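Chemist: According to Swiss-Prot, the protein carries these features:
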{"type": "REGION", "residues": "1-73", "note": "region 'RNA-binding and homodimerization'"}
{"type": "REGION", "residues": "180-215", "note": "region 'CPSF4-binding'"}
{"type": "REGION", "residues": "205-230", "note": "region 'Disordered'"}
{"type": "REGION", "residues": "223-230", "note": "region 'PABPN1-binding'"}
{"type": "MOTIF", "residues": "34-38", "note": "motif 'Nuclear localization signal'"}
{"type": "MOTIF", "residues": "137-146", "note": "motif 'Nuclear export signal'"}
Amino acid sequence: MDSNTVSSFQVDCFLWHVRKRFADQELGDAPFLDRLRRDQKSLRGRGSTLGLDIETATRAGKQIMERILEEESDEALKMTIASVPASRYLTDMTLEEMSRDWFMLMPKQKVAGSLCIRIDQAIMDKNIILKANFSVIFDRLETLILLRAFTEEGAIVGEISPLPSLPGHTDEDVKNAIGVLIGGLEWNDNTVRVSETLQRFAWRSSNEDGRPPLPPKQKRKMARTIESEV
């Protein structure tokens with residue numbers, strides 16, 4: 001196993017522990033707590049994949065960070081902060097909408113790269129909106145936290161979420177996954193639109209009907225994909 005992979009996991013475990021202590025003092029806002037919960041799942045998945053104990057890794061990560069901080073000067077810290085572009089966290093969904101449990105009458109699931117797509121194919125003839133919470137950097141979607149499909153009544157009928165054991169995805173991965181989700185929902189004569197925020201940063205465009213610019217050929221392909229492969 002690559003030593004950098006192990007040490008990266010150890011540092012991530014320790015930094016999560018620090019953030020958890022911060023949250024335990026009721027100092028974190030909603031986006032902070034949301035990322036904390038998501039990162040916990042990711043660490044568990046990575047730990048299982050690597051065969052590493054999280055508690056042991058956290059202690060090792062603490063030692064690594066202590067060595068780094070001993071050598072860190074205030075001037076170096078200022079330069080590092082200035083050179084790192086800042087990302088923004090955008091929310092279409094409330095914390096309740098993100099954490100709410102939901103159930104599918106006709107569950108369908110597809111894994112696309114590091115993203116998991118889930119659809120309730122019992123849903124027909126509904127108006128559906130896709131909402132997402134995600135981070136943005138350089139005015140482009142950076143990391144998807146969670147995307148969910150809602151009916152006008154507020155019921156959850158679809159979802160795209162990162163797989164904890166396979167961290168890392170691009171904005172193109174997200175757009176392709178959204179295409180699969182839309183195709184699956186439209187296969188049952190549902191009308192799907194995407195939130196304006198998601199359109200703006202995933203496609204850098206906004207349509208009046210809330211429809212991302214997927215060509216008809218891709219739409220038919222996505223519908224067949226969700227029908228045959230899920």
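Here the Cβ of each residue, glycine as well, is placed from N, Cα and C on the backbone.
How buried are the listed features, and what sits near them?
Modeler: Within the region 'RNA-binding and homodimerization' (1-73), the DSSP-based counts of helix, strand and coil residues read 61 helix, 0 strand, 12 coil.
In this model, the region 'PABPN1-binding' (223-230) carries an average pLDDT of 45.
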Chemist: What counts of helix, strand and coil residues does DSSP assign across the motif 'Nuclear export signal' (137-146)?
Modeler: 0 helix, 8 strand, 2 coil
Chemist: Please report, as numbers and ranges, the same-chain residues at least 6 past the borders of the motif 'Nuclear export signal' (137-146) whose CB is under 8 Å from any CB of it.
Modeler: 34-35, 38, 85-88, 93, 98, 115, 159-162, 169, 171, 174, 198, 201-202, 204
